[in-house]
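First the structure, in the form of structure tokens, and then the observations on it.
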Amino acid sequence: RGDGRTSLASAVSSHLSTPSMPISQITQLFAKRGFTVEEFVALSGAHTVGFSHCSEFVTNLSNNTSSSYNPRYAQGLQKACADYKTNPTLSVFNDIMTPNKFDNAYFQNLPKGLGVLKSDHGLYGDPSTRPFVETFAKDQNRFFQVFARAMHKLSLLNVQTGRKGEIRRRCDQIN
């Protein structure tokens, strides 16, 4: 896979979703790149591993803008993130049940109000994505199949070939 010869952060932001975007807007971003709603939901399942910085979601808790959080979970998140303004590195696992295992627990957590980000709650709350959340929560193999297909599709997106790109010796420097 070739890397492009130029890279501008300003050119990237309009192609990326944010944790606070409405699901309809995120699905449109993915659709513009040729992804189905099912593939978008499967790719969101990558949240089964990793973490989110408190600054990405804590306002959803303090402003009480979302009743979709499990109340005890919301209290735990508020406690874990209490000092996020003085310590911007504070973060929590995206999947509290199996944070270091790639599985379908992320999808099982969403109906219980155990999502971290606004977009996580949106996946279960939106009628266009909820059926896929429910399917992946019940059928881990289906999640794995769709996720693998979507990741492969993602890896082929805008591949630079021939003279349009290069395989870099160091990823942070043009050859």
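Just so you know, glycine gets a Cβ as well, placed from its N, Cα and C.
Annotation source TrEMBL lists domain 'Plant heme peroxidase family profile' at 1-175.
TrEMBL lists His47 with the feature heme b binding site. Around His47 (heme b binding site), the same-chain residues at least 6 positions away in sequence with a Cβ under 8 Å from its Cβ are Asn94, Asp95, Tyr106, Val116, Leu117, Asp120.
The feature Ca(2+) binding site is assigned by TrEMBL to Thr48, Asp95, Thr98, Asp103. Secondary structure from DSSP puts Asp103 (Ca(2+) binding site) in coil.
The disulfide bond annotation in TrEMBL covers Cys54-Cys81. Within the same chain, residues at least 6 positions away in sequence whose Cβ sits under 8 Å from that of Cys81 (disulfide bond) are Cys54, Val58, Leu61, Leu90, Val92.
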Report summary line: Near Ca(2+): residues not in Thr48, Asp95, Thr98, Asp103 with Cβ within 8 Å of the site Cβ centroid are Val49, Met97, Pro99, Lys101, Phe102, Asn104, Ala105, Tyr106
**Report entry** Least buried by Cβ count (within 10 Å) of the binding-site residues Asp95, Asp103
**Finding:** Asp103
